[in-house]
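K.L.:
I'd like to ask some things about the structure below.
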């Protein structure tokens, strides 16, 4: 029952989280900092109450290691959300972040001296080609949609290039954080709930440097039209409602992934998360009518197939099917 519940939480929480993030970004593209701050604050408070036991429970992993991880995590979160302010459409944002496999493999080879099979290199090549196709086609759309004048088109393209640079940086930093996390878990054991709390609580002072931007967007949120929440009948500015729902769905999404990692094999977790990204992407295209050409679909297909190949889903499904047959023959 718990694995089924976890899958339900991942799909419901993560997919709806993307919807509310897009609703926020469409109205105020530069609202990434206030969204990141609200998410971090909520998870930090929840973790302080239920995981850290109001600060009485000492951490299993020394704080100095969390400080390194937190610096990377904070940077990745802020840069990823800020990229939406740099002419990056939500579908491209989702596709580009699916390139985490490429970043993990590159850094795994360079830092951990890992070696992979030809099959995995092929899958990574597919993911790379898929991301390149989607990125290239999005670049053409940015210049054509902003062609009020040649100067405007060029300026929009430069901002878009900065957005791609930001996403690439966040992708590599995220992969480096994953490798660092892996070495910590090998040394101190897995403490994912504790890591979740410290990764969100320790960076909170860093938002002081973003306070001006957060305040400006809070003022803009206050000026948005009023919205009455169904059932409870409370009225509040609609942007605050979107932010509240984004925080709640983010928490549901994270809890779902956490339950999934404790109940299922890592292969299942990867497959569920990949399928969730694919569903979110399709919903974003259909519901928000984001521009998506045949080339974008081809690129997305390459990314999806490459990800499934990397996780060796078909091989593992084949093994699991053959095991019951062997058992029945023995009986």
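Every residue, even glycine, has its Cβ placed from backbone N, Cα and C.
Straight from Swiss-Prot, here's the annotation block:
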- 4-24: transmembrane segment (TRANSMEM)
- 30-50: transmembrane segment (TRANSMEM)
- 59-79: transmembrane segment (TRANSMEM)
- 92-112: transmembrane segment (TRANSMEM)
- 117-137: transmembrane segment (TRANSMEM)
- 153-173: transmembrane segment (TRANSMEM)
- 201-221: transmembrane segment (TRANSMEM)
- 229-249: transmembrane segment (TRANSMEM)
- 251-267: transmembrane segment (TRANSMEM)
- 268-288: transmembrane segment (TRANSMEM)
- 291-311: transmembrane segment (TRANSMEM)
- 326-331: motif 'Mediates endoplasmic reticulum retention' (MOTIF)
K.L.:
Would you report the average pLDDT that the model assigns to the motif 'Mediates endoplasmic reticulum retention' (326-331)?
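P.N.:
Reported value for the motif 'Mediates endoplasmic reticulum retention' (326-331) is a mean pLDDT of 51.
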K.L.:
Which sequence-distant residues neighbour the transmembrane segment (4-24)? Criterion: at least 6 residues beyond either end, Cβ under 8 Å.
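P.N.:
Long-range Cβ neighbours of the transmembrane segment (4-24): 31, 35, 90, 94, 239, 242-243, 245-246, 249-257, 259-260, 263-264, 272-273, 276, 279-280, 283-284, 287-288.
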K.L.:
Could you check whether the transmembrane segment (268-288) and the transmembrane segment (117-137) come into contact, where contact means at least 3 Cβ pairs under 8 Å with the two residues of each pair 6 or more apart in sequence?
P.N.:
no
K.L.:
Six or more residues beyond either end and a Cβ under 8 Å away: which residues meet both conditions relative to the transmembrane segment (117-137)?
P.N.:
91-92, 95-96, 98-99, 101-102, 105, 164, 293, 295-296, 298-310, 312
K.L.:
So which of 59-79, 153-173, 201-221, 291-311 is most in touch with the transmembrane segment (92-112), counting Cβ pairs under 8 Å?
P.N.:
153-173
K.L.:
Looking at the stretches 30-50, 59-79, 153-173, which one shares the most CB pairs under 8 Å with the transmembrane segment (201-221)?
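P.N.:
It is 30-50 that shares the most Cβ pairs under 8 Å with the transmembrane segment (201-221).
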